[in-house]
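Features of the protein shown, as given by TrEMBL:
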BINDING   345-352, 427-431, 491-494  GTP binding site
COMPBIAS  16-26  compositional bias 'Basic and acidic residues'
COMPBIAS  47-59  compositional bias 'Acidic residues'
DOMAIN    512-525  domain 'SRP54-type proteins GTP-binding'
REGION    14-59  region 'Disordered'
Amino acid sequence: MALDFIKKVFTFGRSKPAEEAPRPEEEQTAPGPQEAADLPLATDPVLPEEMDTAGGPADDEEIDFEAITAAQDDPALLPPIEAIGDLGMVPLSLLEAEAEAGTQEAPLDPETLDAAVPIAEDDLDAMAQAPLSPAQEEAQPAPATEALEPEAAVHVPPAEQAVAETADEAPALSDAAPADTLDAAKAETFGATEAGEAEASTPDDESAAALAASPALPKGFAARSEAVEEVVAVQQKRNWFQRLRDGLSRTSSQLTGQITALFTKRKLDDDTLQDLEDLLIQADLGMETALRITDTLASERYGRDVTGEDVSRIMADEITKVLTPVAKPLTLDLSHKPHVILVVGVNGTGKTTTIGKLAAKLSGAGLKVMLAAGDTFRAAAIEQLKIWAERTKSHIVATKLGADAAGLAYEAFEEARRQKSDVLIIDTAGRLQNRTELMAELEKIVRVLGKLDPDAPHTVLQTLDATTGQNALNQVEIFRNVAGVNGLIMTKLDGTARGGILVAISAKHKLPVYFIGVGEGIDDLEPFEARDFARAIAGTGA
Ligand SMILES: Nc1nc2c(ncn2[C@@H]2O[C@H](COP(=O)(O)OP(=O)(O)OP(=O)(O)O)[C@@H](O)[C@H]2O)c(=O)[nH]1
C-alpha cells in the first residue's frame, strides 16, 4: 500500500502546479551570488519546462521583497519546525486522504512569505547559544524512543529479528548486548572512525556479523545466525549481480555488439584500435579509460586475431582498475551524534528516493536516523520524505513550503543533537549547476551547518542520474566546488545505455562512489563494487 501511495504522490506532486512554491521571476531580482544566498524565495530550482506550469503568483502579482529582506533580522519569524518522531508521525491514512482530496498546501500568500524569510547568519550564532523558549519547549515532540532504553531500542536489525522470530528458542536480543558493545558494533558496521578505520563493505552484512560476533549474545544464536547469513549472503550476491547485469544490459549489449562487429575477421592494427577507441568514447567511458583499454589490447594482441571476448575481458580488467580506488564504503563518524549527510544534486536525480533507501539501510542496521526535508520548494518533496521517514522508522524535521532551507537545516541539526540521532540526512531542492543564485543558496546551507560543527556536513553526497550522460561530469565539477561534495551515488542505472559515464566520472574526479541505484524500490540501492560493475558493463560473466 505504501509503495502505491508513494507512486501516487510522485504523480500527484509533479502534475499539480499548485504545490510548487511560488517564487518571483529571476529577472526581477537578478541578485549576485551573495545577495541570492539571502533571498532563497527569489530563486527557482525547477527546470525551465517545469516553470511554465509551476503554480505561483501571476506575472503581474507583486511580492514585497523589501519587507521580506527587512524581516530577516528577526529570528522570531523563523517558520515553525515540525519534528515528527516515531510516536508523533502523521498517520499514512491522513496523508493519503489529503492527497486524494487534493488538500495539500496551497501557494504561499504574502503572510506566509513573511514567515518564510531566511535567517540571518548572526542570528543563527545567537540561536546556537540560546535556551529554548517555552513555546519551543512545548513544541518539542516526545522523543520517539523516550520510553525505551535508548540503545536497546536501536540495536536489533530486522534481519536478526526475523531469525529470532522463526527460532522460538532464540532469546530476545534487546536484553543481551550492553550499550558499549552495541556502540562498537554500530561503529564497525559503517566503518565509523570512532572504531578505527574498519572497512565496512555492506552495512547489512556487517551489522549482522557484528552482532553475531558480540560476546554478549546468547550461545547458539550466533552460530545459527552465521549459517543463515551465509546462505542469504550468497543468494543475495547472486541476485544482485544478475540485477546489475540486467540493469546495465543496454549499456553492455550496445557496446559489445559494436565491438564484436568491429573485430569480426580483422587483425588488430592501428585502424581497428582507433575505431575501438572511438567506440569506447561514444559509450561515455571517457578518453582516459578508452586509451587504457586500447593500450593494453595493443600490447597483448597487436597484429594478431582478436575476438570480442578478448576485448571484453581486457575492458572489464581496465575498468576495474579505474573503479577500485573509488568503490569505498560510506564511513560514518558516530562520535559526532549526529553524523550529518547533506544530499545535493540536479533536479530529479533521485535525491529524495536515495535518502529513503539510505535511511532504510541505516535504521535497519540499528542506527537512529533523522531526516530533514530541506527541499522546501515542493510540497510533494516534503510529503515524499515524510513517507520515507515512516517506512524507515526515521524521525523527520520539516517546515513550511517556501521556507529558508538553510534555517531548516540548522534547526534539524539542533533537533538531531537533542534527540541524540546517529545520523542526520538532509534533503535539498534540486538545482541546475549553472544557476548561480541557487548554487549560492547551497553554499549557505553548508556554511550554516558549519556554525554548529565546523566539520559539518560530514558527508556531502551528490546523486547523479545515469541517464544524463556527459553532463554529469560538469555537474560533479560544480557541485564539488560549491558544496564540497565528497561522495557520489549514481541512480537509475537500471535500463540506461549510458552507464559508462560512471567510469569517466571516476577517472576524472576520483571521488568515492558509495552506492548505485537500480530501481525505485526501497532495496534498490547497493554498495558500489568495482569488479561487479566493470563486468556488467563489459558483458562478461560473474
Ligand atoms: N528507475 C529508477 N528510478 C529512480 C531511481 N532513483 C530515483 N528514481 C526515480 O526518479 C524520480 C525522481 O526521484 P526523486 O528522488 O524525486 O529525485 P529528486 O532529486 O529528489 O528530485 P527533485 O526534488 O525534483 O530535485 C522518481 O520517480 C524516483 O522514483 C533509480 O535508481 N532507478
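Cβ coordinates are placed from backbone N, Cα and C, and glycine is handled just like the others.
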Open item on the list: I want to check the contact list for Leu493 (GTP binding site): same chain, sequence separation of six or more, C-beta distance under 8 angstroms. What comes out?
Closed with: Leu244, Gly247, Leu248, Ala466, Gly499, Leu502, Ile516, Gly517, Val518
Open item on the list: Based on a Cβ-to-ligand 1 distance below 6 Å, what subset of the binding-site residues Gly348, Thr428, Arg431 would you report?
Closed with: Gly348
TODO: Check the domain 'SRP54-type proteins GTP-binding' (512-525) for me and report the mean pLDDT.
DONE: 92
Open item on the list: Taking every protein chain in this structure into account, which of the binding-site residues Gly345, Gly348 has the most other Cβ atoms within 10 Å of its Cβ?
Closed with: Gly345
Task: Candidates Lys351, Arg431: member of the binding-site residues with the richest Cβ shell (10 Å) - done: Lys351
- [ ] Using all protein chains in view, find how many other C-beta atoms are within 10 Å of the C-beta of Thr428 (GTP binding site).
- [x] 28
TODO: List the helix, strand and coil residue totals of the domain 'SRP54-type proteins GTP-binding' (512-525) as derived from DSSP.
DONE: 0 helix, 6 strand, 8 coil
